Amino acid sequence: MGDESRRPFLEAFGEALERSVRGVMPDPFIFAILLTFIAIVLDLILLRPIQHAGLGGTVEFLVYSAWYGGFWKLLTFSMQMTLILVTGYVIAYHPLVYRVLSRIAGLPRDTKQAAVLAAAVAIALSYLSWGLSLIGGAILAREIGRQAAFRGRKIHYPVVVAAAYSGLGLTWHWGLTASAPLLMNTPGHFLADVVKELYGVETIPLSQTIFHPYTIINFLLITLAALAIYWLISPSRGPVRGIEEFDPDALKEEVVPAGEKPRIETLADRLENSRTLAILTVILGFTAVAIELYTRGISRALNLNTMNFIFLMTGLLLYANPMSYARAFYRSVSSAAGVILQFHFYAGIFGLLNTPFEPLGKSSAQIIAEGLADVSTPFIWPVVAFLTAGIVNLFIPSGGGEWAAIGEILVRAGHELGVPIGKTIIAYGFGDSWTNLLQPFWAIPLLDITRTRARDVFGYTIALMILIAPMAAVTLTLIPY
């Protein structure tokens, strides 16, 4: 007991949250179902449909028009997100990339070093691709656990897995696959008319969002704060839960297929395994990308489709074999199964929160965003935008889907306050990332690879979410745009 009382406060805080969350955090699919009913209750409170439309009209609006109608509103976006995830998985599991991650995984000697390393790599990868960050971080966390067990090092596996989720929980929406900045840079996006009305242009170049110094400085400061927090909350002594407790087979299985040399016996075999065919396709692809970047400029050319195309071609270049690449895709698609299943339920929640109720002419998301905007000033607007995004992200854990729900409200409110639109988008982006540390939807592939459950790791991610918030409020407010 005396040893426990001398434990640093933040270590004890992290462990207390881990123990608490372990008993209450459900599976991500159950979380989605529970949030559906919470969204229905929010609609009943904010829109008062029974008062305006009676019981029958309320059921028709909530169940049919809003929930069922919303199920199918994000199909295109869900495919774009699935591609980012799957291409990240394919690249991260390429033997060359895996060997690099495996070598890095042998560096830490204790839990604090392991957590900081996992967080640093996940955050760095999140700038390139949130899919690569999620899968690469998960692979790294698992390899850290495996190598620690092989070498007899006592490392608390849950906090390492939690740290590997930092890219999705903090910084991905300031990187090259950030949904809102890329959507706003895509010609014909859903807010094009609104942006043209307010700013005289239809698209917002990336030079005003992810490539702006405001974003880069925030990215660096939040990264340093996150690494410091994980160092402080990771246990330095006491009982640890190693990887063998979660994945007994981890110490004996081969993680990456060895990739036997294919037998070439027929013309079909030659075509299927033709390095020349793969390289020619890659040349075609990157020629198209080069023309796109040259004609439109980098800050205007990069959008979700461009980034997905780049990662598709990069994967083919790495594997340099059409069928090896195809087989890697087949293996990787299973990582997106939970996302594919649950995305539609969150699209239903999107419908519940974003479908205007005709007697009021407003949706619940609009009422929430307007209420927060009404109490704002230009100085605190970034904090208001970040908190608004964080709250709504719990119900719509999709950067682009959530932006579709509240983007117009935030853009109009920011314009009325005289805040640059790029600053609004970046503040929104952090809030959307921030509550991923509480919302387990995007953690599904990470949990699958590491063989952990949400309840095992989310105590530590919630600790990070709580401790990083004051720092984010200060940097988003005080750093000049």
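Every residue, even glycine, has its Cβ placed from backbone N, Cα and C.
What TrEMBL lists as transmembrane segment is 29-50 (among others).
Taking Cβ pairs closer than 8 Å, the transmembrane segment (71-94) reaches residues 101, 129-136, 139, 177, 256, 304-305, 307-308, 311-312, 314-315, 318-319, 325, 328-329, 331-333, 335-336, 339-340, 343-348, 350-351, 398, 400-401, 404, 445 in its own chain, all 6 or more past its ends. Annotation source TrEMBL lists transmembrane segment at 71-94 (among others).
For the transmembrane segment (114-135), the list of distant contacts is 84-89, 91-93, 101, 104, 107-108, 141, 144, 148, 155, 159-168, 170-172, 174-177, 219, 223, 226-227, 230-231, 234, 307, 311, 335, 442, 445-446, 449: same-chain residues at least six beyond its ends, Cβ to Cβ under 8 Å. The transmembrane segment feature in TrEMBL is assigned to 114-135 (among others).
Taken from TrEMBL, the feature transmembrane segment applies to 155-175 (among others). For the transmembrane segment (155-175), the residues of the chain that approach it from at least six positions outside its boundaries are 14, 18, 108, 110-111, 114-116, 118-119, 121-130, 133-134, 137-138, 140-141, 144-145, 148, 181, 210, 215, 218-219, 222-223, 226, 230, 233-235, 240-243, 245-246, 399, 426, 428-430, 432-434, 436-437, 442-443, 446-447, 450, 452, 456-461, 464-465, 468, judged by C-beta separation under 8 angstroms.
Under the heading transmembrane segment, TrEMBL lists 211-233 (among others). Remote same-chain residues near the transmembrane segment (211-233) are listed as 8, 10-11, 13-14, 112, 115-116, 119-120, 123, 127, 159, 163, 166, 170-171, 174, 299, 422-423, 426, 430, 460, 463-464, 467-468, 471-472, 475-476, 479-481 (criterion: CB distance under 8 Å, separation of at least six residues from the stretch ends).
Per TrEMBL, the feature transmembrane segment maps to 277-295 (among others).
When Cβ-Cβ distances below 8 Å are used as the criterion, the transmembrane segment (301-320) is approached by residues 80, 83-84, 87-88, 90-91, 94, 96-97, 129, 131-132, 176-177, 179, 182-183, 185-186, 206, 275, 278-279, 281-282, 285-286, 288-289, 292-293, 295, 328, 400 of the same chain, each at least six residues removed from its ends. Residues annotated as transmembrane segment in TrEMBL: 301-320 (among others).
Among the features that TrEMBL reports, transmembrane segment is placed at 332-353 (among others).
Under the heading transmembrane segment, TrEMBL lists 379-396 (among others). Distant neighbours of the transmembrane segment (379-396): 35, 38-39, 346, 349-350, 353-354, 365, 368-369, 372-373, 402, 405-406, 410, 413-414, 417, 419, 423-424, 426-432, 434-436, 438-439, 472-473, 476-477; these residues of the same chain sit at least 6 beyond its ends, with a Cβ under 8 Å from one of its Cβ atoms.
Proximity of distant same-chain residues to the transmembrane segment (457-479), defined by a Cβ-Cβ separation under 8 Å and at least 6 residues beyond the stretch ends, is recorded for 10, 13-22, 25, 158-159, 161-163, 165-166, 169-170, 214, 217-218, 221-222, 225-226, 229-230, 233, 379-380, 382-383, 386, 426-427, 430, 434-435, 437-438, 440, 443, 447. Feature annotation from TrEMBL assigns transmembrane segment to 457-479 (among others).
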